[in-house]
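Annotated features, as they stand in TrEMBL:
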type: SIGNAL; residues: 1-20; note: signal peptide
type: DOMAIN; residues: 23-216; note: domain 'Albumin'
type: DISULFID; residues: Cys114-Cys125; note: disulfide bond
type: DISULFID; residues: Cys193-Cys207; note: disulfide bond
type: DOMAIN; residues: 217-409; note: domain 'Albumin'
type: DISULFID; residues: Cys230-Cys276; note: disulfide bond
type: DISULFID; residues: Cys275-Cys283; note: disulfide bond
type: BINDING; residues: Asp279; note: Ca(2+) binding site
type: DISULFID; residues: Cys295-Cys309; note: disulfide bond
type: DISULFID; residues: Cys308-Cys319; note: disulfide bond
type: DISULFID; residues: Cys390-Cys399; note: disulfide bond
type: DOMAIN; residues: 410-607; note: domain 'Albumin'
type: DISULFID; residues: Cys422-Cys468; note: disulfide bond
type: DISULFID; residues: Cys467-Cys478; note: disulfide bond
type: DISULFID; residues: Cys506-Cys517; note: disulfide bond
type: DISULFID; residues: Cys544-Cys589; note: disulfide bond
type: DISULFID; residues: Cys588-Cys597; note: disulfide bond
Amino acid sequence: MDRRTVIYVVLLVSLRVARALPRTSQDLEEKTSIGQRFSQLQENNFKVIALILFAQYVPGGTFSRAAAMAEGVTALARRCAAAASDSPDCLQPLDKIFFDTICREENLPRSAECCAKRDPERNDCFLSLKNSSQGFSSPLERPDAEAACRNHSQHGQPLTAYFIYEVSRRHPFLYAPTILSVALRYEEMKQNCCGNAEGPSHHVEECFQRQAPKVMQPVREDALRQQHTCGILKKFGERTLKALKLVQVSQKFPQADFVTVHKLVVAVADMHKDCCRGDTLDCMRDREEILRYVCSSQHVLSSRIQQCCEKPLLQRSECILNTQNDDKPAGLSPLVREFIEDKGICERFAQEKDMHLARFLYEYSRRHPEFSAQMLLRIGKGYEDLLRECCRPGAPSGCRSRGEEELRKHIYETESVMRTSCDIYKEKGDYYFQNELLMSFTKKMPQLTSAELIKFTKEMTTIGSKCCQLGQDKLLPCAEEHLDLVLERICRRHLADPINPGVCRCCSSSYAFRRPCIGKLEIDETYVPLALTPGLFAFHGDLCTSEEEKLQHRKQEMLITLLKYKPQISAEQLGSVTAAFAAMRERCCGEASPEACFLKEGPELIKRSEKMLSA
């Protein structure tokens with residue numbers, strides 16, 4: 001079996017056939033024994049899974065100790081498989097075997113307290129350690145090219161194992177399929193870059209530098225998606241997460257009936273609960289059961305996923321996610337008037353509550369793939385509010401009829417915001433569009449550092465470049481769903497170090513309304529502007545650089561400082577100060593000694609700018 005096949009097959013870690021969905025993490029009967037797992041996976045595959053688990057549960061350990069523990073567990077699995085043994089060791093649950101192995105090791109970082117406990121408290125303790133280890137190590141941006149190629153010919157497999165260990169310990173919650181996919185890309189990069197390792201070393205370094213971003217991209221993207229999902233679950237609860245997944249599954253599989261979609265949504269939510277707890281084994285088991293269910297239900301869900309289901313298991317999930325939404329059933333009207341006009345609606349809402357709302361969200365989502373998931377959640381919340389108001393005793397007749405007008409208004413407002421943003425982007429281009437965002441977000445969130453403001457607005461600008469070129473039917477899902485990931489990072493930043501009351505309100509009150517809420521924030525009135533000190537605005541020769549990217553970055557830093565100094569600055573005042581600065585820069589950069597010119601002209605510019613700003 002070649003190395004590629006080994007890495008593909010290694011994901012087959014959970015082969016218990018799902019008889020029904022959803023299942024819960026407490027559904028413990030009939031789990032596969034360690035000997036059966038070993039036989040299903042074969043030795044190399046089993047060992048890699050064990051290495052990932054030990055690296056994720058003991059991120060402060062070392063590669064040699066994690067590898068030794070993986071060897072020990074693999075030796076037990078080999079014995080159990082060979083003898084089909086009924087010995088107590090072979091019949092223990094896998095999680096107990098793994099934690100017992102960790103607890104037999106001496107002086108492992110922070111594990112003694114957990115090992116003093118009994119299951120299930122011991123399991124929970126290790127999960128809490130895993131939670132606290134997030135951010136323990138900096139992300140692995142680029143593998144070491146010299147070390148990789150030096151060992152490539154003699155020690156390719158051990159080096160790949162070390163790479164898997166490094167990725168795993170840095171990302172204790174990252175799904176094993178992602179880690180294994182990255183390992184495959186790492187293997188291919190080594191083959192490509194180390195083939196001519198006898199040549200100059202800088203060529204190898206350049207090759208790694210060029211290909212590493214593609215290798216590591218799935219790690220960053222999956223980690224962000226996972227943090228986003230777990231953030232929703234933690235902050236807004238299971239009901240919100242289920243509603244989001246209901247929208248996404250209904251849009252993906254509009255041909256499927258409500259019962260099938262709802263069953264799948266509950267299973268996906270249960271999976272995320274296990275995965276967000278850090279329960280790696282149950283997470284992997286849940287994930288595979290869902291893939292098996294989806295692929296065995298193609299006739300009900302979608303004809304477009306057949307090719308995905310024929311792929312190795314490692315590739316199925318990504319393939320299904322990237323498959324285009326299935327076509328809507330013929331004859332579906334864009335509106336669902338029966339949910340407003342039927343006489344028995346209030347009675348059904350009183351009896352079924354969330355299930356009735358879920359049916360509405362399913363019906364509306366499957367009709368509108370051109371809407372973002374967040375917008376559909378807002379529509380669902382609007383419908384819920386309408387029923388709560390109009391179904392109460394004494395509500396005026398015709399109360400529900402205004403629902404359709406409110407719906408049209410919200411759709412128009414959302415589409416207008418995105419269309420206007422794209423018009424500005426197309427008119428101004430990346431740099432000036434980012435400057436517009438910087439002006440807006442520095443006033444909303446002046447507590448953020450210049451580096452943070454530039455980073456977040458750069459990510460938003462990238463969304464503009466990606467989404468604004470799409471047609472109207474793709475614009476909203478692309479723009480709002482990518483923007484939602486950036487806003488999630490801003491909210492995580494707020495959680496770590498509070499920004500201001502406005503951001504707190506938007507990040508805490510409602511997931512669906514987070515984007516409109518942040519969009520409507522204005523100048524933070526609680527912020528105390530920067531004082532004008534001698535070093536606040538410093539002009540140096542670096543402003544004369546010929547490297548456009550560096551110059552733009554420097555100018556953006558100065559723009560942020562100006563806005564933090566004068567948050568109430570008007571567009572006219574900003575234009576005047578900017579023009580005065582540009583004239584000074586042009587003059588000084590033409591001098592023999594730009595530094596001396598800036599030293600003289602800089603204070604004069606500040607004085608003139610003060611007059612402009614106080615006018």
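A Cβ is built for glycine as well, from the same backbone N, Cα and C atoms used for every other residue.
Nobody curates TrEMBL annotations by hand; they come from automatic prediction.
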- Query: Which of the disulfide-bonded residues Cys276, Cys588, Cys589, Cys597 has its Cα closest in space to the Cα of Cys309 (disulfide bond)?
  - Reply: Cys276
- Task: Around the Cβ of Cys478 (disulfide bond), how many other Cβ atoms lie within 10 Å? Please give the count over every shown protein chain.
- Result: 17
- Query: Including all protein chains displayed, how many Cβ atoms other than that of Cys276 (disulfide bond) lie within 10 Å of its Cβ?
  - Reply: 20
- Excluding its own, the Cβ atoms lying within 10 Å of the Cβ of Cys390 (disulfide bond) add up to 20
- Hey, how far is Cys319 (disulfide bond) from Asp279 (Ca(2+) binding site), Cα to Cα, in Å? 24
- Task: Pick the one among the disulfide-bonded residues Cys295, Cys319, Cys467, Cys588 whose Cβ has the fewest other Cβ atoms within 10 Å in this structure.
- Result: Cys319
- Query: How many Å separate the Cα atoms of Cys230 (disulfide bond) and Cys588 (disulfide bond)?
  - Reply: 52
- Task: Within 10 Å of Cys478 (disulfide bond) by C-alpha distance: pick out those among the disulfide-bonded residues Cys295, Cys390, Cys422, and say none if nothing qualifies.
- Result: none
- Hey, of Cys207, Cys295, Cys544, which of those disulfide-bonded residues are within 10 Å of Cys283 (disulfide bond), Cα to Cα? none
- Query: Distance between Cys276 (disulfide bond) and Cys399 (disulfide bond) at the Cα atoms, whole Å?
  - Reply: 42
- Item | Integer Å distance between the CA atoms belonging to Cys308 (disulfide bond) and Cys193 (disulfide bond) | 30
- Message: Taking the Cα of Cys544 (disulfide bond) as the centre, which of the disulfide-bonded residues listed as Cys295, Cys399, Cys467, Cys517, Cys588 lie within 10 Å of it?
- Response: Cys588
- Task: Across the whole of the domain 'Albumin' (410-607), what does the mean pLDDT come to? Round it, please.
- Result: 94
